[in-house]
Amino acid sequence: MNSVLKLIRRFFGILVLSLVFGIVLNVGLWIAYISKNQNSILNGEKGPWSRAEMISAELQQEGENYVLSENGLQLLKEAGAWVQLIENGSGKVVWSSANLPQEIPDAYTYAEMASAVRGYVKDYPTVSVGKGADVLLIGYPKNAYWKHMSPMFDYQIIARFPTFLLLFCAGNLLFVILVYAVSVSGVLKAVKPIIEGIRQLPENHQVYVKETGLLSQIAVSINQAAGQLRSQEYVLKKKETARANWIAGVSHDIRTPLSMVMGYAGQLEEDEELSKENKRKAHVIRLQSLRMKNLINDLNLASKLEYQVQPLHSGKINAVAFLRKMAVDFLNLDGEDKYPVEWATKEQVSAVFIRGDEELLKRAVSNLICNAQVHNPKGCIITLEVKQIQEMCCLAVSDDGVGVTEEVLSAIQKKPHYMVCDSQVKEQSHGLGLLIVRQIAQAHGGRVELSHAPQGGFRAEIFLPLLPEKES
Amino acid sequence: MKQDYLKKKKILLVDDEQEILYMVQGILAHEGYLNTRTAGTVREAMAAWKEWKPELVLLDVMLPDGDGFEFLEAARAFSDIPVLFLSARGEDEDRFRGLGLGADDYLVKPFLPKELLLRMTGILRRCYKEEEKEDLLRLAACALDFQRAEVVKGEHRIALTAKEYALLQVLARNAGRIVTIDMLCEAVWGDNPFGYENSLMAHIRRIREKIEENPSKPVSLITIKGLGYKLKVKE
């Protein structure tokens, strides 16, 4: 919906801008035109009226005769005009220029005089200027000027003109906006389902856009794209499920024979009649079959998490109680007291709520605790802590054991695991323990951070999103 | 031996793998559980359940003529004897389904003989408790009489409050093991037991005054800093 609004805003902006620019352009052009033709349109320096005034000034009476000066003649020549001086009272022409056309009368009645002053004489546009009591009539070439014969306006109309002009402009503007709105709404109606379809496409491959109207071809393309995505997704899911099922199947089939290996090895190990050496061998067989069992379980879980076929049984968990229980379960099993647990959670932190699959989270934390044990066979202090950092809950497992070098830490963080590696990279990670921890954190919308522990060993932190306050 | 009576219990083993049946029977026999029978199919298991009336069943899920879940569902209609699933199916759904149907435990193959024995004994002890002659629970400086909710200190008997009794019960059930602060709070204050740590400490102090020789140097009710408490009983 946002993109449609943006589109409308953009269109409207363009419309307003073009209107403003249009008005500015028109006014500019009008001013330029007026200023260029100022002399002919207005009563400018060389306009018909001014010229008439100047000619009148250049006409002098010398005795009985009238003489037009050189300057006056030049002004007449420039305009291609002729001149008559009409005597007051008689209407007779007492002087005229040499270039007077033949059809021009040499005497005027009052009516002819009125017509000549208002407009034309024999289609020659004329301008009149008073010369003493007489009238100087100047006639311009026929196509030189157009004269308005009755230039008289109702005063009320002129007084209301600004209001009328404003209303006129507003009316025009409204009309333009209306035309725009109607046309744009038509286009938007056609575009809206297309935009909605494209917007939904990344998340919802079941998108279907009605294949009618102005943009039906685009709708067809969107539907085809959605179909293609659906089939690709189906194939991918099928492949991933098959792969996860294959691993689950193999794990299942191995379990029964492995039961017998483990069972008999366990029995032999405790057989009083067996020699010490054979008991040791039985012990090795039992330990290795236990390793295989763990490997099968890890492989199965890692593949399910990787291919997203592991269901999450999410519930509300108090991370403090959860990690404390993990610590106690671990201590209750550690009969030799080789791995004492230090509880570093601050006393005032009694409840930090998260939403998660308790079984999976148990698996993640126990993988981290087991890692500390496996890498520190001589024993170490394992420190557990729950912290709240902004909107995340942090479950930290660290030890004061041998730790890892900078190179090893960087390799753990950067090397892709063979389970998730999509290229032929030589350097691949193999241990499944940390991969599972990372996958479980990711399945919960969290992450894992690995570092050196301040006490010298290894530190792993699982960050999980806090339960929103209204739910806790 | 205190648990000898458990070894006389009738145990039915159901699995389609003859070798597994043979091995488990051997493991049980080695530990003194001699009263066992085997069944390879649902039909055989149902017949044995009805006629022989076992007191514990170790049940596989995948059987040639049906599955263990359906079998348990049908068998639960006429018997509620304890059942332990022993299966290669280790998915969460399978475990939840098995336990949801009323199984007492679910052990995924492969398993260690010791683990199987421990789980099995645990179930038998819980289910056939009445036969176990339980004495007083002996601590370093006293004994606990749960039937009368009292601490027996030589000639004296000191009554326990309801909360002290509830706490000691949880601790005694897990004797020798650490019990978390959260579990203890839950036992006394029910669900959502947050913010009761100080009250819990006060109750623990009062219990110590009743059961310890020197409450400031406890030897029976030990604090595990930040995590919980452990009740040490006399062997």
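A Cβ is built for glycine as well, from the same backbone N, Cα and C atoms used for every other residue.
Quick look at what TrEMBL annotates:
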type     : residues  : note
DNA_BIND : B:134-233 : DNA-binding region
DOMAIN   : B:10-124  : domain 'Response regulatory'
DOMAIN   : B:134-233 : domain 'OmpR/PhoB-type'
MOD_RES  : B:ASP60   : 4-aspartylphosphate
Cβ neighbour count (within 10 Å, all chains shown) around B:ASP60 (4-aspartylphosphate): 25
Averaged pLDDT score, the domain 'Response regulatory' (B:10-124): 90
Three-class DSSP secondary structure - the residue listed as '4-aspartylphosphate': coil
For the DNA-binding region (B:134-233), the number of residues DSSP places in helix, strand and coil: 36 helix, 24 strand, 40 coil
